[in-house]
Amino acid sequence: MQTGDSRREPDARTDTAPGDRRLDGRATVPDDGRATASVGSDRVRDARLEATAAGTSGQSRPGREVRRARVAVSVVFAVHGTASGTFATRIPWLRENLGLSPGWLGLALVFMTVGASAAMPLSARLAHRYGPRRALAWVSLVCCAGLVLPPQAPALGWLCVALFLYGCGLGLMDVAMNAQGVRVEAAYGRSVMSGLHGLWSVGTLVGGAGGVLAAHAGLDGRVHLASAAPLLGALAVAAAHWTPGTEPATAPDAADGDDGTEAPPRFALPSRGALAIGLLGFCAVFAEGASMDWSGIYLADVTGAEPGLAASAYTAFACTMALARLSGDAVVRRFGPVATVRAGGVLAALGAALVVAARTPAVAVTGFALIGVGIAVVVPLCFAAAGRTTATAPGQAIAGVATLAYASGLAAPAIVGWIAQTTTLSVSFGVVTALLLGLVAMATVLRA
């Protein structure tokens, strides 16, 4: 909330509007004597970041400080993806270690998504209270520390608790890093979010590859995750130091509104604009969840593929998505977000239609690969658009969109399975095709 006193400096705790084309608005050092020397040096560096960002519009190459911030945020995205991929490959170890049936394991994994959805709205408040840079560092530590918990669980109940806590860390870090990505994109003055999410996808592949090697070597899941967690945490914290946003100019325990701003609410319904963007993301993530969890089963049951060949459907989907995200920023800069999402929706719907019609593994794999390409940039563009819907707290809008997306990822596998149980798996992917056509109809919500 902006005060009527024009002499006051902008609040140090308020998230800066991305449209201001600067990395943050906290270059002013408070005169209350409470700033430390390290915070003062941070503010000097952020003053340079602001100056280089402000000049980005007049030059083809951003300044060094802005480029450094982008690299730092990229590292955080890669760490989050690596943690996710590492954990995913050790889920079979968890099931074997606790002797869980597929049904009980599925129930336990739901707690991870519930934890992420519950924690996401808190991320914007942490950034407001402690500054986006410090908040990102702390939630990165929480996320990586949570990676250690699931393999330590002695029974199903404790596994549910551990997965809930790990999910909380994933959700907090997800929103915090995307909010920082929005700030970097605003400083660049052009799309960079797709590339950031591309590095997240690369991270999942790297983490997954490491997990496969560890599993084949017979490495205990507790040892593997306990070794990976501190390395990933240290890397994320080091990178967070160079991301946008200084420490708050007022004391963390100052009352909200003392300096002209209000803290984001702990929980709030998304705005109309964020809700529309979230529904667009819902459609894309539904297709992603369906493809990730059911592609292998589809090839095995519908096309009669052998297990090794059936697994190639997910590989094709994940690799094409990663490659499309890494090159997506150039496409968005050339054609704009609306046209890009519309074209992607058509391509993804065509891929889903191929899956429905497929009677051979090659056709089905091609269809899943097209789905990966078509939906690749939708979620990054949704987060970027959400960050532009608010002038004070991009993290809050991103949290609303991310919560809807996570809900979609939670619902998709169950809905696809239920439809397949009552009809056929091909009919399930017919529903996915219809949702992907919704991307074409709803793409206009991304228009800035």
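Each residue, glycine too, has its Cβ placed from N, Cα and C.
Automatic, uncurated: that is what TrEMBL annotation is.
Annotation comment: TrEMBL describes 1-34 as compositional bias 'Basic and acidic residues'. Summarising the annotation, TrEMBL assigns domain 'Major facilitator superfamily (MFS) profile' to 69-448. Summarising the annotation, TrEMBL assigns region 'Disordered' to 1-65. The annotation transmembrane segment is assigned in TrEMBL to 71-91, 103-123, 135-150, 156-177, 198-217, 274-297, 309-327, 339-358, 364-386, 398-420, 426-446.
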* Structure fact -> Same-chain residues at least 6 beyond the ends of the transmembrane segment (274-297) with a Cβ under 8 Å from one of its Cβ atoms are 307, 310-311, 313-314, 317-318, 321, 341, 348, 352, 364, 368, 371-372, 375, 378-379, 382, 385-386, 389, 397, 400-401, 403-413, 415-417, 420, 425, 428-429, 432, 435-436, 438-439, 442-443, 445-446
* Stretch with greatest number of CB pairs under 8 Å, the transmembrane segment (198-217) reference, 103-123, 309-327, 339-358 candidates -> 309-327
* To do: Mark yes when the transmembrane segment (398-420) and the transmembrane segment (339-358) have three or more Cβ pairs under 8 Å (sequence separation 6 or more) and no when they do not.
  => no
* **Region pair the transmembrane segment (364-386) / the transmembrane segment (426-446), three or more CB pairs under 8 Å** => yes
* Structure fact -> Per the Cβ under 8 Å criterion, with at least 6 residues separating them from its ends, the transmembrane segment (103-123) contacts 91, 94-95, 135, 139, 156, 159-161, 163-172, 174-176, 179, 265-268, 395-396, 399-400, 402-403, 406-407, 409-410
* To do: Grab the same-chain neighbours of the transmembrane segment (156-177) for me: Cβ-Cβ under 8 Å, and only residues 6 or more beyond its ends, written as numbers and ranges.
  => 73, 76-77, 80, 83-84, 87, 94, 98, 100, 104, 107-109, 111-120, 122-124, 126-127, 132, 135-136, 139-140, 142-147, 149-150, 196, 236, 395, 398-399, 402, 406
* Structure fact -> Spatial neighbours of the transmembrane segment (426-446) not adjacent in sequence (6+ beyond its ends, CB under 8 Å) are 273, 276-277, 279-280, 283-284, 286-287, 290-291, 294, 298, 302, 337-339, 341-342, 344-346, 348-349, 352-353, 355-356, 371, 374-375, 378, 381-382, 385, 415-417, 419-420
* Model confidence over the domain 'Major facilitator superfamily (MFS) profile' (69-448), averaged pLDDT -> 87
